[in-house]
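Visitor: To start, I am sharing the structure in question, which I have written as structure tokens.
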Amino acid sequence: MSDPAATKRLYIKTYGCQMNVYDSERMADVLAPLGYGVTEDPAAADLVVLNTCHIREKATEKVYSELGQLKLMKQARAGEGAEMTIAVAGCVAQAEGEEIMRRQPAVDLVVGPQSYHQLPELIARAHRARGERLAADFAADEKFDALPTERRPTGVTAFLTVQEGCDKFCTFCVVPYTRGAEWSRPAEAIEAEARALAEKGVREVTLLGQNVNAYAAPDDEKGGGLAALVRRLARIDGLDRIRYTTSHPRDMDEALIAAHGEVEELMPYLHLPVQSGSDKVLKAMNRAHTAESYLRLIDKIRAARPDIAISGDFIVGFPGERDADFEATLQLIREVGYASAFSFKYSRRPGTPAAAMQGQIAEAVKDERLARLQALLEEQQAAFNLSQEGRVLPVLFEKAGRHPGQLIGRSPYLQAVHATAPDRLLGQIVPVRVDSAARNSLAGVLELETA
Ligand code: 5AD
Ligand code: SF4
């Protein structure tokens, strides 16, 4: 246990998106005052929290198989006279609720993404083996008000949730059902959290939201959007880098595009999912943009910030996707040139409109399309990395590398960069000359190492 004041061990496993990573950190913050210190060993844990993801079927199934393993560990601990409390948090908790406890009775409590500030109470109740074991409502504001203002950042980069929920209702997606309606935190509270992080040595924050660029400050009469928030946070001393994720093309407004050209702290990297390059499929997905409007948007963003690295999400095998639709996606990818990307086979999610659509695609076809799509995206990522060779990039060193004397950091474009560097450069932004590029990372040497 890293915290000497801790008397009990907490193991948290995080699935899915970065918002869950943030939530897991905050759960540890909520539980710290109760004496819980984080352990990496589930078998030794007094409390296990699985922070789950519901977005694709595979993600959900992983949770149940993990719960099967935990049940055995719980029994082993009981044999030694020790207890293990098992909590399921996150989007599977929200979507399936008590069903989880029926399917796996070793689970003691279920807590949705908006209710984890109630964890201490729920745990106490579970220990008394009675009362409410399920908390899954949608009041995000209550949660943020109830969370401790203190955060215990573990490094020089941190996530900061600014927005939750989604009103877009893409026909394949469970998020509008599991995370509820779009809701933004007050800018003042976000600024306070960012300042506190900067005071603790955080140099880079990633602003998080399911639809982060739909951010609308509830405490700003002018309806300050994400651009205004970014400008506000950019003024904080010590906070040198700002990123945000995930965005919808529909909410990419002029002010935000302008900020990319003007705010030095806003990093030249944008995750802007398009999902498909076929207008027919985009319409069936209810995406509210076409391939052409997405491409023109990318043009505008590149006009504001020519070196920006573009990343995206793609789904292959959406119901009704023909070969020609898939080819249109490959064509769009060729036109954009992605620096990185995430791609998935369509997964049929019960309760979403696409699950009931005609023309579901055979698994073998999805596999074949995904392989072709990923080959193209990997080629583009490798080419993007290669284009950095010989360049000097400012790298924020985040942690020790695998080899002694080596540090790992990130370029402005979110690439991992390895370099031989002294430990005192941890947390510093240092010029590094890139001398070799691999598919997933860069290697370089310190430029002008003087001091
Ligand atoms: N099937 C496959 N991929 C999905 N995503 C969301 N829902 C599904 C689904 N049902 C992908 C989208 C989204 C990313 C977070 O996950 O690409 O942008
Ligand atoms: Fe899901 Fe679409 Fe909302 Fe993204 S924008 S969270 S894909 S519904």
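Cβ from N, Cα, C; glycine included.
OK, TrEMBL features for this one:
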DOMAIN    8-128  domain 'MTTase N-terminal'
BINDING   Cys17, Cys53, Cys91  [4Fe-4S] cluster 1 binding site
DOMAIN    152-383  domain 'Radical SAM core'
BINDING   Cys166, Cys170, Cys173  [4Fe-4S] cluster 2 binding site
DOMAIN    386-448  domain 'TRAM'
Visitor: If the criterion is a C-beta within less than 6 angstroms of any ligand 1 atom, which of the binding-site residues Cys53, Cys170, Cys173 pass it? List them in sequence order.
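Guide: With ligand 1 as the reference and 6 Å as the Cβ limit, the list reads Cys173.
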Visitor: Given Cys91 ([4Fe-4S] cluster 1 binding site) and Cys166 ([4Fe-4S] cluster 2 binding site), what distance in Å do their CA atoms have, once rounded to a whole number?
Guide: 13
Visitor: Taking the centroid of the Cβ atoms of Cys166, Cys170, Cys173 ([4Fe-4S] cluster 2 site), which other same-chain residues have Cβ within 8 Å of it?
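Guide: Along the chain, the qualifying residues are Lys168, Phe169, Phe172, Val174, Val175, Pro176, Gln210.
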Visitor: Write down the Cα-Cα distance for Cys53 ([4Fe-4S] cluster 1 binding site) and Cys173 ([4Fe-4S] cluster 2 binding site), rounded and given in Å.
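Guide: Here the two Cα atoms lie 12 Å apart.
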Visitor: Per DSSP, what is the residue tally for the domain 'TRAM' (386-448) in helix, strand and coil?
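Guide: So the counts come to 4 helix, 34 strand, 25 coil.
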Visitor: Between Cys17 ([4Fe-4S] cluster 1 binding site) and Cys170 ([4Fe-4S] cluster 2 binding site), find the distance joining the two CA atoms and give it rounded to the nearest Å.
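Guide: Computed Cα spacing between Cys17 ([4Fe-4S] cluster 1 binding site) and Cys170 ([4Fe-4S] cluster 2 binding site) is 17 Å.
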Visitor: Measuring CB to CB from Cys53 ([4Fe-4S] cluster 1 binding site), give everything in the same chain under 8 Å that is also at least six residues away in sequence.
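Guide: Counting only residues 6 or more apart in sequence, the Cβ neighbours of Cys53 ([4Fe-4S] cluster 1 binding site) under 8 Å are Tyr15, Gly16, Cys17, Asn20, Ala59, Thr60, Val63, Gly90, Cys91, Val92.
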Visitor: For the [4Fe-4S] cluster 1 site given as Cys17, Cys53, Cys91, which other residues of the same chain have their Cβ within 8 Å of the site's Cβ centre?
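Guide: Other same-chain residues with Cβ inside the cutoff are Tyr15, Gly16, Met19, Asn20, Thr52, His54, Ile55, Ala59, Gly90, Thr178.
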Visitor: For each of the binding-site residues (Cys17, Cys91, Cys166, Cys170, Cys173), count the other CB atoms lying within 10 A of its CB, then report the residue with the highest count.
Guide: Cys91
Visitor: DSSP-wise, what's the residue breakdown of the domain 'MTTase N-terminal' (8-128) into helix, strand and coil?
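Guide: With helix first, then strand, then coil, the domain 'MTTase N-terminal' (8-128) has 66 helix, 25 strand, 30 coil.
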Visitor: Determine the mean pLDDT over the domain 'MTTase N-terminal' (8-128), rounding to the nearest whole number.
Guide: 93
Visitor: What binding-site residues in Cys17, Cys53, Cys91, Cys166 place CB under 6 Å from ligand 2?
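Guide: Only Cys166 qualify.
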